[in-house]
Ligand SMILES: [Zn+2]
């Protein structure tokens, strides 16, 4: 899922996303609840109409941003009290309120409120976050009133094997239609993340979607799919695209690099996106050097196309029983640029 934090994947029209293979978008509950407000979005017809995207949308609960972005003031089993990153006002979020906001926004997949501790948190804090996340998952389930939204439970537990297993084993009896794995890509190493997935996914039902939140690099997606993950969101394709870094079939390309100045070749000959079929590397570099807005737009679109193509090729490789060789080929090719 490309990330449309404020109800837009920055710089891109929905039909452009669809044309490069986007099936589903993520929007950010915390940001939309602060601005323009969930009530406003609801009044204007709900998130799909508001942002002109008629495909599936997933919203997170806002919990992650409360812990990462807002100034966390206080947390207990009832609520989390925080300071808005926009105007400093004091706000509170309860499990019930997180669900109510997501019902007002009207996404197709919604998330339970969870507590996401940092990667270096002591084990006592990790265990407390698992306990509270489990408690809140039940409260979220009890609050949900709409039957047209799939509510996902979120597994926490840091990189601790027993806490991950405990979190998953407590959530599965609540019979959510899908399960998210939160609290990764928060500062741990890739090896620690992969090991944690190895411990976690076997505890989640294989017939239900598993969603790894906020991950990641193309190699992380391939490694995680092979460990049983189905769904991802990450700002990397768009944020890196805006910052002049392209992901290609031969690795990362720094578009501002002087070596591209007179290069008439496409960014990625294997890609069919507008950036690669209509422009050469020299033009793309020129857009960034000159500060033209088309540069970030084209590279965002290209990077999203690259991520979708990688996942699409991986699906085929899995069906044909050659997922492991696909992984090896990708990892080798992405190191070559
Ligand atoms: Zn492209």
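Backbone N, Cα and C atoms are what each Cβ position is placed from, and that goes for glycine too.
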Problem - Of 108, 114, 220, residue recorded by TrEMBL at the substrate site of 60, 61, 62, 63, 64, 156, 183 - result: 114
Handout entry: Candidate sharing the Zn(2+) site with 271, 273, 276 (per TrEMBL), from 260, 286, 302
Key = 302
Problem - Candidate ranges 228-232, 233-237, 238-242 [criterion: TrEMBL lists as region 'RNA binding'] - result: 238-242
Exercise for the section: Using a Cβ cut-off of under 8 Å, list the residues of the same chain at least 6 residues beyond the region 'RNA binding' (214-220) that approach it. Expected result: 64, 182, 184-186, 190, 193, 232-234, 236, 247, 306-307, 310, 330-331, 334
Handout entry: Cβ neighbours within the same chain of residue 61 (substrate binding site) - under 8 Å, at least six residues apart
Key = 29, 98, 99, 102, 110, 111, 112, 113, 114, 140, 154
Practice task
Would you mind giving the whole-number mean pLDDT across the domain 'tRNA-guanine(15) transglycosylase-like' (1-335)?
Solution key: 96
Fill in the blank from the handout: Cα of residue 302 (Zn(2+) binding site) to Cα of residue 62 (substrate binding site), in Å and rounded, measures 28
Practice task
Filter the recorded positions 62, 63, 114, 233, 276 down to those with CB closer than 6 A to an atom of ligand 1; keep them in sequence order.
Solution key: 276
Exercise for the section: Measuring CA to CA, name the entry from the recorded positions 233, 271, 273, 276 that ends up nearest residue 62 (substrate binding site). Expected result: 233
Completion exercise
Whole-number Å distance separating the Cα atoms of residue 63 (substrate binding site) and residue 233 (active site, nucleophile) is 16
